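**Student:** Let me give you the structure first, and then I'll get to my questions.
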């Protein structure tokens, strides 16, 4: 029955996987007091783990190993550390999921049982990672066969096929469904075995729009010769450079038939595999690596940034956790925030002060940042301190930073250079930079100075807090510790007075923080001045304290004026984080994006409110033909529920570029809807524009439901026939869900 998985993943020959398929009793741990026995078992598909209470007959929960990112052995989570006195590390392990889903902490009955699951899951994850395109297709077909075969007899009758079509998000009339079923039933047994199901699936997933395109360029209607494919690449994909060599390479890479390869030629199967591959994606492959100049001063880059990084939920009662730092750094954040307060036993703690959020140790945060800072990107990490500690615990902070981070912490200017100039991301590779107040004119024997320790310059950050209510929002003065101040080199936090004062007195190493409200006020009153300010030094913008639910503001308006550190609540999914993820997807996802030259010039005349007045104004026209969708995710688990999909295209950028258009909805077809509608947009400032595709399930009686999304910079779009591989609301992939589009980009008249 499970012809792909067992042969492809070697379940039968792996003792660990066999043990997982038998199943194990393990403790699922949520806290020191919540430890429940559950029976975990690898399902027959070789990719799903189901679990249930010991007394339950049926599995009530399950997860796919495709959603698992890593396995941590031992006490490598805060929850497992909290029960370290009860269970030894060799029985404990943690499953880390992709996106924002919480970890799963488990305790096995024996060390051997734990090792079987740890090594077994790692084997499966490695096999999943190494799957080729055809293997992924086989896996997809296996999934549907397994789901459709309700009585598990290795065959599917027509009743099961009808139910399967509903599960596949497709409402096909019974006559057509029976025709496909009868055609595939070569054995004439009124049921489909696995091989017949493959044929049924191929008929079901035939892409008429791709076949038509294939035949348009095929000389004989059967295959694409090198010349045919070269014509397609040159005329449709606008790939004229080395097009003959490129055509030969694509045939070699994607054509599944050895016979066609020897001609050489590409079949319809190879053509579809190319279009569905990363090379046929809307995102320019050249932008997946680092392609920008990384040797300019730090203030010339947008920097992927997190606000109140320690929080996993809301700002008032949510949990504080080092997992917040792990998740932010794994998402590519290069600036993370630490709110420090005096803690018990002389140890500083991190939490959202004057709220009910939980507390974690500062030293644990520092250790976590040190461990995860450079796993995704080798470019510098800025540790933004919001410090409320007294002198004694500031000294403890300085000690922890120096001893835990060691050489990773930047403690002195590079190469003896004056600290008044900002170095580049390239020069600062592998370094963690402290952003905090610094005592001016500091000497070795100076112990402390009276300074405002808080780094947030706007009173609305904590306007819900008890401190503000008691003191009428007046800022308290605290002493700065020389040892901690000495660790600040290139990011000295200063209070912003005015653009004129900044132009005359400020130094490039000085950083000012603005609430979103104050930044928005300045950009409306003096947009060009704000642009010039950001060309000289770093600016940080953070969400207003009114956002107690950890919602986000749109980062685009801050990027439009060149603000580098636009800090978002990374834990909160939504349009704002979609834009952030999409924007920083370019340049190797390194967390640094080079600003356009008009945002880097100190005397720039660019104003995002009036881009047409800018001397470098070159508007473009974007034409998007939304052709079709493929295997869109099913939203409701109800058997008869099928989505009615529509596609929205949203443009974010300078105010004149902000636009939204949408297609009509298609009734009852989330499997292979066809729209064939063209949407047109004017792009006034291409360097700043971001395009977001959203698929929704139309509902005439209420708000449409979200189905999938994908966002990317306008400058990273590849023209021609392209697939858009959709992501979930959480930003994780949902293969094989996609949109098929044609992109045209021309100069605006």
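A Cβ is built for glycine as well, from the same backbone N, Cα and C atoms used for every other residue.
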**Student:** Any idea which of 207-233, 234-260, 342-368, 450-476 is down as region 'Disordered' in TrEMBL?
**Tutor:** 450-476
**Student:** When the Cα of residue 187 (O-linked glycosylation site) is compared with the Cα of each of the recorded positions 307, 352, 697, 698, 699, which one is closest?
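**Tutor:** So, of the listed recorded positions, the one sitting closest to residue 187 (O-linked glycosylation site) is 697.
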**Student:** Averaged over the domain 'PI-PLC Y-box' (484-600), what pLDDT does the predicted model reach?
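**Tutor:** In the predicted model, the domain 'PI-PLC Y-box' (484-600) has a mean pLDDT of 96.
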**Student:** Give me the non-local Cβ neighbours of residue 698 (Ca(2+) 5 binding site): same chain, 6+ apart in sequence, Cβ-Cβ under 8 Å, ordered along the sequence.
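**Tutor:** For residue 698 (Ca(2+) 5 binding site), the qualifying residues are 644, 645, 646, 665, 704.
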**Student:** Using residue 699 (Ca(2+) 5 binding site) as the reference point, find which of the recorded positions 189, 307, 352 has the shortest Cα-to-Cα distance to it.
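**Tutor:** That would be 307, nearest by Cα distance.
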**Student:** Rank the binding-site residues 697, 699 by the number of other Cβ atoms within 10 Å of each Cβ, and give the residue at the low end.
**Tutor:** 699
**Student:** Reported in the order helix, strand, coil, what are the DSSP residue counts of the domain 'PI-PLC Y-box' (484-600)?
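**Tutor:** Tallying H, G and I as helix, E and B as strand, the rest coil: 48 helix, 20 strand, 49 coil.
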